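Taken verbatim from Swiss-Prot:
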- Lys12, Leu13, Ser14, Gly15, Gly55, Arg59, Tyr166, Asp169: ATP binding site (BINDING)
- 20-25: region 'Involved in allosteric activation by GTP' (REGION)
- Gly54, Asp72, Thr133, Gly134, Asn135, Pro136, Tyr137, Phe138, Ser139, Thr140: UMP binding site (BINDING)
Amino acid sequence: MNEPKYKRVMLKLSGEALSGEKGFGFDFDFTKEISEQIKKLVDMGIEVGAVVGGGNIWRGRSGSEMDRTTADYMGMLATCINALALQDSLEQLGVNTRVQTAIEMKEIAEPFIRRRAMRHLEKERVVIFASGTGNPYFSTDTAAALRAAEIEADVILLAKKVDGVYDKDPHKYDDAKKYNKLSYIEVLEQGLQVMDSTATSLCMDNDIPILVFGLDEPCNIIKAVTGEEIGTLVSNSK
């Protein structure tokens, strides 16, 4: 196995990733597979922060008849459910894990405190950041970019159900072209589906590379961290 390319990483997992092939709820076997890869990262000496989405439970935009702010807060609570599920999965493997939330709920998690989060990472604890930024109208992608900047992560590992960034939906178009490398500006100008524009701009301003890859292949998280050429790398230099 190659040596780690990064010392501190931010892993962004969509809620759908935790649902596996089900598309809704939890696939505990698949969540365990993700947790086993995270454990290997910790064993390699890599400090791991994670942000989880909530799309396997609730998608704010799907509640089109609801008040947007209320729908977004419901989505934030969904991320907390996912964070606790991932924490439990990791702790069953013996990985020390902390959940920090942007909305205080001290009975189940710590409030987000930057210095405490960084201290946990230095002590080889995985830190899962839940409830997004704590504000409506901001996605969990933006939360991942924000927390990555705050904890001074070397990279955002954007784990998706697609193995990289394409010029169009590869599930719909057989001639979809995959990119190996992109600049932030190209992503923004072409409207490519990586992160939303707020998150992408935040990464660009803070020079945080984004590695987009699929979870469909075993050990892809390990491959991403050890520098194997998988997925699509988005950075300031193409």
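Backbone N, Cα and C define each Cβ position, glycine as well.
Swiss-Prot feature annotations superimposed on the structure.
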| residue | record | contacts (Cβ under 8 Å, 6+ apart) |
| --- | --- | --- |
| Lys12 | ATP binding site | Ala50, Val51, Gly53, Thr140, Asp141, Ala144, Ile156, Leu157, Leu158, Ala159 |
| Leu13 | ATP binding site | Ile34, Ala50, Val51, Val52, Gly53, Asn82, Leu86, Ala159 |
| Gly15 | ATP binding site | Val52, Gly53, Gly54, Gly55, Asn56, Ile57, Ala78, Thr79, Asn82 |
| Arg59 | ATP binding site | Gly75 |
| Thr133 | UMP binding site | Ala102, Thr142, Ala143, Leu146 |
| Tyr137 | UMP binding site | Arg68, Thr69, Asp72 |
| Ser139 | UMP binding site | Gly132, Met195, Asp196, Thr198, Ala199 |
| Tyr166 | ATP binding site | Ala176, Lys177, Lys178, Tyr179 |
| Asp169 | ATP binding site | Ala176 |
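For Asn135 (UMP binding site) paired with Ser14 (ATP binding site), the C-alpha to C-alpha distance reads 18 Å. Local packing around the binding-site residues Ser14, Asn135 was summarised as the count of other Cβ atoms within 10 Å of each Cβ; on this measure the leading residue is Ser14. Spanning the listed ATP site, residues Lys12, Leu13, Ser14, Gly15, Gly55, Arg59, Tyr166, Asp169 have a farthest Cα to Cα distance of 23 Å. In sequence order, Gly75, Met76, Gly132, Thr142, Ala143 are the residues of the same chain, not among Gly54, Asp72, Thr133, Gly134, Asn135, Pro136, Tyr137, Phe138, Ser139, Thr140, whose CB sits within 8 A of the CB centroid for the UMP site. Compared over the binding-site residues Gly54, Gly55, the count of CB atoms lying within 10 A of a residue's CB peaks at Gly54.
Secondary structure of the region 'Involved in allosteric activation by GTP' (20-25) per DSSP, as helix, strand and coil residue counts: 0 helix, 0 strand, 6 coil.
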